[in-house]
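Each remark here refers to the structure printed beneath this line.
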Amino acid sequence: MLTPEDLRLIDRLHGGLPLSDRPFAELAAELGCSEYTLIERVHGWLTAGVLTRFGPLFQIERAGGRFVLAAIAVPEERFDAVAAIVNARPEVAHNYRREHALNMWFVVAAETPAAADAALARIEAETGLPVLAFPKEREFFVELRLPLADAAAALETEEADDAA
Amino acid sequence: MPLDAFDRELIAATQGGLPLVPRPYEAVGAMLGVPGERVRERLAQMLEQGLVRRIGAVPNHYALGFTANGMSVWDVADDQVDALGERIGALAGVSHCYRRPRHLPAWPYNLFAMLHGRSRAEVEAQAREVETLLGSACRGHDILYSTAILKKTGLRLSGA
C-alpha cells in the first residue's frame, strides 16, 4: 500500500530528473532523504510494478517517427492468442483490453510512417483480423501526469476521516 | 532532424530505463564508450528540441489507485472539432486529447480524450463535463474502459 508520502515522491520523480553528474543525490537533498534510499525506492517500485519505467521518454515523432493507435475486434476465444501475436511485435508500445466490440487497442511506435504501416499490415496478416488504424490528425493536449498530489491529499483526508 | 548514429545508440541504451546507480549518465556513457558529459549534453539538447518529453518515472496508473481509465470518444461536427478539442484538452482530468479519423459506419467518433479516475463515477463526472462543453456540436459518445494492460513498454528502437 502506497502512502501519501510515496505518492508525493512519485509525483516529484515524474519528470525533471536533473542532468547533473549525480542526479539522485541532488533530488535526495531536495526531498530530505539519502541518495541510496531514493535509488532503492525507485528500484523497489519498478520491481513491484508501481512504475513501469524510469528514464527519458522519447518523442520520436520529432525525428520523423510515427505513433499510430489501432484497434481490433478480437473474438473472445482467440483473445489471448491474438494478444500474444500483437505484443510480440517490437513496434507495439502499449496494448490495452477495453470493454467494447473493438476490445483490443494498441499503439504502434515506429521510426518512419512506412515502418508503422508495415507493422500494422503484418499484425493484420498474422492475426487474420482487420486492424483499424486511428492515426492522430491533430494533438490538442498530451500530459500523462496523474493528479498524484491530489490523490495523496485525498488519501490523507480519508485517513483523517477514518481516525475521526 | 533525423537521428545520427550516436542518437540511435543513446536511445537504444536508455529507452528501457536509466541505470539505477548514483551516476546514471556516466554509466550510459560507459556503455557507449563516451564520457557521461556527452550523454548529458545530448539529452539536454533533446529535451530542448522536444525529442525527449521528460526524464523521470512512468507510473503504472492501476498500481497508483487510478483504476478507472476511460477512453472517451466523441462524434463532433467537423467544422467545430478543432476549436472544441483545444478546450477539452485544457480540462483537468483529461490526459490526452486528439482528433482521429472516423471509420464509418462502425466508428463515428473523431475526438478522443483519455480520462483517469479512482472510480468510474469520477470518470463519468469528467465525461459529463466534456459533454456540457461540446454542447450541440456533439452527436454521440462512448467511454471505453480499459480492463487490462496487455503490454506497456514504451518505444523500442532497434539498436544502432
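Placed from the backbone N, Cα and C atoms, the Cβ positions cover glycine too.
TrEMBL annotations: computationally assigned, not manually curated.
Per TrEMBL, the features are:
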| type | residues | note |
| --- | --- | --- |
| DOMAIN | A:7-51 | domain 'Siroheme decarboxylase NirL-like HTH' |
| DOMAIN | A:68-140 | domain 'Siroheme decarboxylase AsnC-like ligand binding' |
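Across the domain 'Siroheme decarboxylase NirL-like HTH' (A:7-51), DSSP helix (H, G, I), strand (E, B) and coil residues number 30 helix, 1 strand, 14 coil. Here the domain 'Siroheme decarboxylase AsnC-like ligand binding' (A:68-140) is broken down by DSSP into helix, strand and coil counts: 28 helix, 26 strand, 19 coil.
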